[in-house]
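Listed in TrEMBL for this protein:
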type	residues	note
COMPBIAS	1-15	compositional bias 'Acidic residues'
REGION	1-25	region 'Disordered'
COMPBIAS	16-25	compositional bias 'Basic and acidic residues'
DOMAIN	70-105	domain 'EF-hand'
DOMAIN	109-144	domain 'EF-hand'
Amino acid sequence: MSDDEGQQPETPVEQDEGKEKDSFWKRTYNFSDEQLTELKEVFTMLDTSETGVIAAPSVGTALRAIGQNPTEAELQEMIQEANLDDKGNLDMDEFMRLVGTRGLKSEAEMEEELEQALGVFDKNGEGCIDAADFKVTLRTLGEPVDEDDIAEILKVAEVAGDGKINYYGQFVHCRMIQWNR
């Protein structure tokens, strides 16, 4: 057993099987190499017991970790259609099937959604939002954002001298890059 990982290294046969699965997932669900790598990494990260399964409610966490933003209704629908084990868990094959069947949004689609969401706070329809109002919203709406994250968001947003954030284009693009790291 490897001291670093706590598990045996893969045999050549297991490596070939892994490559075959990767090829199948990419071909069947049209995942890019990068998307597949991200999905496998987030699944492994959420498989804290290293049993090869994750709890069904973790699907939302996994999707959000790679920059997707499914609604609670979409997540419930996915979980209902999932082939879960008797403990309510799903393995990586089922996870890939669920995500692949739903499809992943492109970076451009996610940027557009973020711009639309930020547009809700644009009182004058100018493509700008008040930085102070934005901070209050981040603290109070949905899951609260901590002060360090707020400071980082505002740093990236480049608050203008008038206290406004131009949310079109560069700010949204920068946030998408940071969320997809």
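Cβ atoms are placed via backbone N, Cα and C, with glycine included.
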Query raised in the report: When you scan the chain for residues with a C-beta under 8 Å from the compositional bias 'Basic and acidic residues' (16-25), skipping those not six or more beyond its ends, what do you find?
Result: 10, 31, 36, 93, 96, 100
Query raised in the report: How does the domain 'EF-hand' (70-105) divide up by DSSP, counting helix, then strand, then coil residues?
Result: 21 helix, 3 strand, 12 coil
Query raised in the report: In the compositional bias 'Basic and acidic residues' (16-25), how many residues does DSSP put in helix, strand and coil?
Result: 10 helix, 0 strand, 0 coil
